[in-house]
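These features come from TrEMBL:
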type     : residues : note
DOMAIN   : 61-216   : domain 'Glycosyltransferase RgtA/B/C/D-like'
TRANSMEM : 82-103   : transmembrane segment
TRANSMEM : 124-150  : transmembrane segment
TRANSMEM : 162-193  : transmembrane segment
TRANSMEM : 205-222  : transmembrane segment
TRANSMEM : 255-274  : transmembrane segment
TRANSMEM : 295-320  : transmembrane segment
TRANSMEM : 340-360  : transmembrane segment
Amino acid sequence: MSEGKKHLLLLGCLWFFLYVVGNHLLAVTDPVEGNYVETVREMLVSGDYISPQIYGKYWFDKPILFYWELAAAFKLGGVTDFVARMPAALMSLAGMCLLYWWGRRLYGTRVALTAALIMATSLEYWYVGHAVITDMTLLVTVSFTLLAFYHGYQSRKYYWYYGSYAAAALAVLDKGPLGLCLPGLIILIFLLWQRDLKALLVKEIFIGLGVFGVLVGIWYIPMYRLHGQVFLDVFLGVHNAMRATVSEHPEVDVWYYYTLIFLAGFFPWVWVAIPALIKKWRQGWRLKLSMETRFLLVWAGTVFFVFQCFATKYITYTLPYMFPVSLLLARYFSQWGRKFFVMVGAASVLYIGLLFGVAAPQTAANSARDVVAAAMPYLDNGADIYCYGKVRPVSWTYYTGCYLYQLVPEAQIKAQGKNDWSVTEVIPCKAIESVENSKPLIVLTREKYFQALQQDLPGNWRLLDSSGALRVYYRDPF
């Protein structure tokens, strides 16, 4: 067996134990994962694979690619928690192999293997590789966009640009305009540093734009023809432009947010590398700014600073810098020899322990999965289902197939805007004043909201079950 095949076998085994084993224990969490799986569940029921819907209404939060991935997984493996996490898991494997392939071209097999192992055992990559979200697909598509461009530019084999544009199209089908704008900005800054903007004038750049347009048009053109201006207003206006300019979570919109994410996301590697590199710097070491080093630095730095400038901040937004940072770190850790593999083994054992000891109970605590059984007999008796307070248990609908409604004052319903953050609330609202006392009620809420619930809807309430902070209460009709 060749060295390359041995390395890929090692990466495959590590991936299986870190990214597949135990996934059946991870409940679908609220609100984000619940939104994705419920949208795809309704997609399978309706047979509409173009227009995403949730709670029977069109949902313009994200483009179609990840929904298609999840729908294909559910079609092949059934609608289960394990299958729901397979698209991200498979993309994490694709990312590891892609990094190994490109690292081998740049630096040889030792650095390539080191880089892939660093990325696979970094906390943020491990986390996203288990999550039912779009970000791992974005990492792979954006990374291929950039490495295909670089390979074409460096080798003057410009037909690689077609692959770059095709990957960018997939990124746009996964996440929206960011899938083109982010790698495009990275390439532009790199070429400015190289003082080589004329590289953008080759014919493959312009032909590639046509390839890009055809691929993204597969979904965007039908969506515009079906939904018109409302699609542009909500998808581009709220879910893209507004996220960049208006913070959805103001409490984390701080200048040091992504510095903390970087330090935590590259655990354990950056915690060892930073002190060692500071020591080497004081001893006179300097990073040689070769062309590939410039490209990696621009890639990582642009991702960091672009998302730091975004008003809305999420843990996973900066994931695309894991490729270049892992390669840069690998140039140091590849000299460690056996100590490096001991550290990989220790990190792997830690993550397996985290999955069983922390991730499994925490996902259950943030999901409606474990309260469904206690409520099912009352559902069969015709009880109406609601949620109350700042609780968004979309996973309830995924696990039961039964819609629920958010109880709010009638005045709040009238105050909701068409192009503000209220469009991200997928659970339909119902006025508290309109609830019928003659029907049994099931309400999902938290203990801290229960007193207010009793005041708004008096009656004989019973606690049916709880999971984490979630409580399920039942009220008899009267």
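Just so you know, glycine gets a Cβ as well, placed from its N, Cα and C.
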(message) At a C-beta cut-off of under 8 Å, are there same-chain residues at least 6 beyond the transmembrane segment (124-150) that contact it? List them, or none.
(response) 18-19, 23, 26, 28, 32-33, 36-37, 62, 65-66, 69-70, 84-85, 87-89, 91-92, 94-95, 98-99, 102, 160-161, 163-165, 167-168, 170-171, 174-175, 178-179, 182-183, 186-187, 261, 264-266, 292, 295, 299, 315-317, 319-320, 322-323, 351, 355, 359
(request) For the transmembrane segment (162-193) and the transmembrane segment (295-320), check the count of CB pairs under 8 Å (sequence separation 6 or more) and say whether it reaches 3 or more. (result) yes
(request) Output the single range from 82-103, 205-222, 295-320, 340-360 maximising the number of Cβ pairs under 8 Å to the transmembrane segment (255-274). (result) 295-320
(request) Determine which residues of the chain contact the transmembrane segment (82-103) at the Cβ level, with the cut-off under 8 Å and only residues 6 or more beyond its ends counted. (result) 7-8, 11-12, 15, 19-20, 23-24, 26, 28, 33, 37, 66, 69-70, 73-74, 76, 111-113, 115-116, 119-120, 125, 128-133, 136-137, 139-140, 143-144, 147, 151, 322-323, 326-327, 330
(request) State the non-local partners of the transmembrane segment (205-222) in its own chain: residues 6+ outside its ends, Cβ under 8 Å from one of its Cβ atoms. (result) 50, 63-64, 161-162, 164-166, 168-170, 172-173, 180
